[in-house]
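Copied over from TrEMBL:
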type	residues	note
TRANSMEM	A:30-52	transmembrane segment
TRANSMEM	A:92-111	transmembrane segment
TRANSMEM	A:136-162	transmembrane segment
TRANSMEM	A:168-191	transmembrane segment
TRANSMEM	A:198-216	transmembrane segment
TRANSMEM	A:243-265	transmembrane segment
TRANSMEM	A:302-324	transmembrane segment
TRANSMEM	A:354-373	transmembrane segment
TRANSMEM	A:394-419	transmembrane segment
TRANSMEM	A:439-457	transmembrane segment
TRANSMEM	A:469-488	transmembrane segment
TRANSMEM	A:508-528	transmembrane segment
Amino acid sequence: MSAGHSAADDRSRGLGTMLHIVARIQWRSAWIWALVLGASMAGTAASVASLYDTAAKIHTYAAAVTTGSALAAINGHVEGIDSLGGVIQDEFGFLIAVLMPLLAISLVARATRAEEETGRLELLLGGRIARHHPTVAALLVVTATIFATAVLFAVGLAVFGVPPTGAVLYALSLGALGFVFTGLAALFAQLTPHARGIYTWSLIILAGSFALRGIGDVTKTWVTWLSPLGWAEKAAPFGDQRWWALLIPLAAGLTLSIAAARLASRRDLGSALVRGGAGPDRATVRLRSPIGFAVWIHRPAILGWLAGGVMLAGLMGALSHQFLDAMAGNPAVAKAMGIGGGRPVDGLIAATQLYLAVIAAGYLIQGIGTLRTEESNGRLENRLSGTLSRRRWLAAHTVVLLGGLVTIVLGSSLVLGLATALSAGDTAEFGPTLTSGLAYLPAELVLGGIALTVYGMRPRLFAIAWASYAAMTFIAFLGSGLKFSQWVLDLSPTTHVGNPPMNAVDTAALVVMSAVTAVLGAVGFITFRRRGVPES
Amino acid sequence: MTDTIPVIRTEGLTKVFGKVRALDGLDLTVQPGEVHGFLGPNGAGKSTTIRVLLGLMKATSGRAELFGGDPWNDAPRLHRRLAYVAGDVALWPGLTGGQCLDVLGSTHGSVDEQRRADLVEQFQLDPTKQVRDYSKGNRQKVALIAALATDAELLVLDEPTSGLDPLMEQAFQQRIRNRREHGVTVLLSSHIMGEVEALADRVSIIRRGRTVTSGTLADLRRHTRTAVHAVTVAAPGALTDIKGLADFQLERLNELTDTRFTIDSDHLDAAIGRLHVAGIHTLTVTPPSLGALFLQSNGETLDPKESAGDGSLAEVVQ
């Protein structure tokens, strides 16, 4: 550095360097997020525009979903739903409320704590980068990504006929939602010592936001205003268009961001406010066994996904009474949920079980992804340098993952059955609720089989497993509402289960899917036995 | 005689990753009871060799034997008899050091509890601390203690001390000697010349996936040059006639004569004799250090003129 530079010069130069680094590391995942979200929005808009191409059809839809207040608990209370934009906002409401915060959380976690944990950040801070620069750079890069996503949203909506003003406000309200979680994740990145903690705490806040918005929308009270999801909703892009409502998330996001940057510049590298103390100096006998160790590794994922499933099941079950009332009052409600015909309570459980299947499959993919992490971090080498054979190691993890899967499915179904019985007073549904949950196991296992095969053959291509999961999720959540062609619906294993308990389980399909799973699993085991470890 | 079966034997071992030949005909033999130094520059193929020997990777061609068995097909059974410390010590951040020791120990089989306790104390490890809070050196200690506490017949150590301080390095060397006294075989891949020099009975030096040279330290030294620096009262006579002498420099310092040269070990005696005749004032004879051997066998400081006809390391390298 030459003597001519002022301190301020150096500071901005350090931030510039850091921005460059973060952008370099993150651009690929940032673009994938932006494009996938943008495409999902455009796809939803296109489907809605072609399905509801007359004012009359839109009106029927609006009348259906606003009958009673139960649906509002999931998709939110959409103001101005009697319009093309309103229908899109309602259809896309649940998915985007998860994906937008997730974009922010995952990008921030990767750019901050994950870098610090691996020690790469230390290398940079040895240069002329100030302590808060990485955090600020991460905030700027993620905010830019969110803005780009919002631009894609607005363009996608406008292309398919949504009035530009509403499209822009809707896109900005979702962007502002992402911004809140950007700041939140950056703050948690300072408080928890590990990237995993950022996810855990941010997702807890997201779940809380859902609950608050749900309560507020169902009871039609001010409680909605306590939730970041409520702020996005209250901008009412297709209703009253409250532009000023954007100020709340912007102020909240900015406050959180400033707090995060302040903390980053004050704390020691690698430190955290929340930190574990001393632990046991010996491992239990259980931890020393392959199965016990696999349980230890997968327990957080099992508990986390179980909590998600139980929350969803509890919410749907508890609201079943209101759903049933709504459906009794207006048959179109059931149609809007994609559960026309049959007994209403069966339809409700069937819809929930499909959501639970998406949760259970997500757990499997993440669980098998953990094996890949074990390998790429070099820990698998340690495990296999002893008397544990590869087959036994993989078998132990498979057994534990299967046990976790059954736990999640049965636990969620149990809660769904109980809550439905309590709310709707219909105990006859208890048994079918459990069996329909179990009927989805083969479909979930096909996804697990795909993940295991990819892991066995080419672990570095594990993104394929997640892409399959994303496709399945998209089809399961939006397929029937947006009336996808049958061949698209057929791509998802969940389609073949038969939508129990509303319709009969397709036993033949379950047998076929189980066979497919067995083949995929065998391929995974055999290829894993034959390849080198670690395969990077 | 069972002790004639080498603990480790590879012949013409090759391993190809895509277009890269990581191993290119590597030969390595480790006899029972010896500490075998395994040297080579970064990327020479040391870790790949070890992974093939552990059955983690399959050789593209050539033979690899561990205790006379096939590591790829019989890994778990053979692993009962060895303990391994990986180059990048990767542990589970959520476990404490003590829990990691037990988990690693459980994969290796029998652990000597008394020795485990002694090692924890000697290496000053706090076993109640979580691994995520350990420094690199402390993580390395966990892996080392886990390996040293087992009753393994073979220790495979891949750069095990790169994060240890000198005090811990001493403790490590002492423990390795102790294990050797108990008949344990050690394959020690290392960059620390002093450590290999202090511990190894035999050494193999590899480069670009091939064995460059292998033998006892004394063997290797015999084929390399010793540096001599002498100050004598009179000018020494006809030194340059001696076979195997090179780098000759002579300087007059007032009354004395300052002479420097290098010589191969076989002719050292003749050279010193002539210096003695000239009346030695001071004499420094420097045997080649392992570091010099290492550099020499990697062809980095080797002068082609010197190597001509030398017949050993240099030719192997070229």
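Every residue gets a Cβ built from N, Cα and C, even glycine.
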| message | At a Cβ cut-off of 8 Å, and with pairs 6 or more apart in sequence only, do we get at least 3 pairs between the transmembrane segment (A:469-488) and the transmembrane segment (A:30-52), yes or no? | response | yes
| field | Closest-packing stretch to the transmembrane segment (A:439-457), where packing means Cβ pairs under 8 Å, from A:30-52, A:92-111, A:136-162, A:198-216, A:394-419 | value | A:394-419
| query | Residues of the same chain, at least six outside the transmembrane segment (A:302-324), with any C-beta under 8 angstroms of its C-beta? | reply | 68-71, 73-74, 200, 207, 211, 214, 218, 333, 344-345, 348, 351-352, 355-356, 359-360, 362-363, 366-367, 404, 407-409, 411-413, 415-420, 422-425
| said: So if I exclude everything within five residues of the ends of the transmembrane segment (A:168-191), which remaining residues of that chain have a CB under 8 angstroms from its CBs? That is, six or more out. | reply: 85, 89, 96-97, 100-101, 103-105, 107-109, 112-113, 135, 138-139, 142-143, 146-147, 149-151, 153-154, 157, 162, 197-198, 201-202, 205-206, 228-229, 231-233, 235, 237-238, 241, 243, 245-246, 249-250, 252-257, 259-261, 263-264, 267, 272-274
| remark: Residues outside the transmembrane segment (A:508-528) whose C-beta sits under 8 Å from one of its C-beta atoms, at least 6 past its ends, are 390-391, 394-395, 398, 439, 442-443, 445-446, 448-450, 452-453, 455-457, 493, 496-498
| the transmembrane segment (A:136-162) versus listed stretches A:30-52, A:198-216, A:243-265: most Cβ pairs under 8 Å | A:30-52
